[in-house]
């Protein structure tokens, strides 16, 4: 056991460890970074370029979910498995898994958006394709945390269950309670300055934006 740390290698800049030469471990190490990619790549770029209120509240829900996770972890204080100690990466508690909670919150909320027809541009068939992709990513991410030794099976299932419950609950809050204030937020001075908007009521956002972009270009030519 003493030479195990020398057999481990970390993904550069992430410190997610896997056994040297383990190709599956290497793949799962990157998969376990899905929450990072979603948070930094997805929601940051979404806010910068889209300014959609649905997306903003989606991202806010993920933050709230992670705060709940941290509160539960520090309250329960369940240790991570011994394999995590060998990875020299166990400076936090393990129950429930924050990675699993994050991806299952995301998958649940995303699926509910699909069922309601929010934020999809390519028709019903594409919704189910997208749902399949992100649920597969959620399951593989959960598996990766056990395979790489960072969590027990119970810890990842607890995170997955909590993520699904919080994701479903937050979707209800946003679309049954907060949605009525979207127009107010759009019309506020700060909303206008930040150009935030809601397109939930538009059946085909891609076609709508495409038609308006073409119309604006044609109008500029005629001026």
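Residue numbers in this text run from 1 along the chain shown.
Any Cβ shown, glycine's included, is placed from N, Cα and C.
TrEMBL: automatically predicted annotations, no manual curation.
Range 156-182 is the one annotated as transmembrane segment, of 75-101, 156-182 (source: TrEMBL).
Residues 102-122 are the range that TrEMBL records as transmembrane segment, among 102-122, 186-206. Residue ranges 27-49, 50-72 are listed, and TrEMBL annotates 27-49 among them as transmembrane segment. With a cut-off of 8 Å between Cβ atoms, the residues of this chain six or more beyond the transmembrane segment (156-182) that come close are 53-54, 57-58, 61, 64-65, 68-69, 72, 95-109, 112-113, 116, 118, 138, 142-143, 145-146, 198, 200. Restricting the average to the domain 'Phosphatidic acid phosphatase type 2/haloperoxidase' (55-171) gives a pLDDT of 83.
The residues of the domain 'Phosphatidic acid phosphatase type 2/haloperoxidase' (55-171), classed with DSSP into helix (H, G, I), strand (E, B) and coil, number 90 helix, 0 strand, 27 coil.
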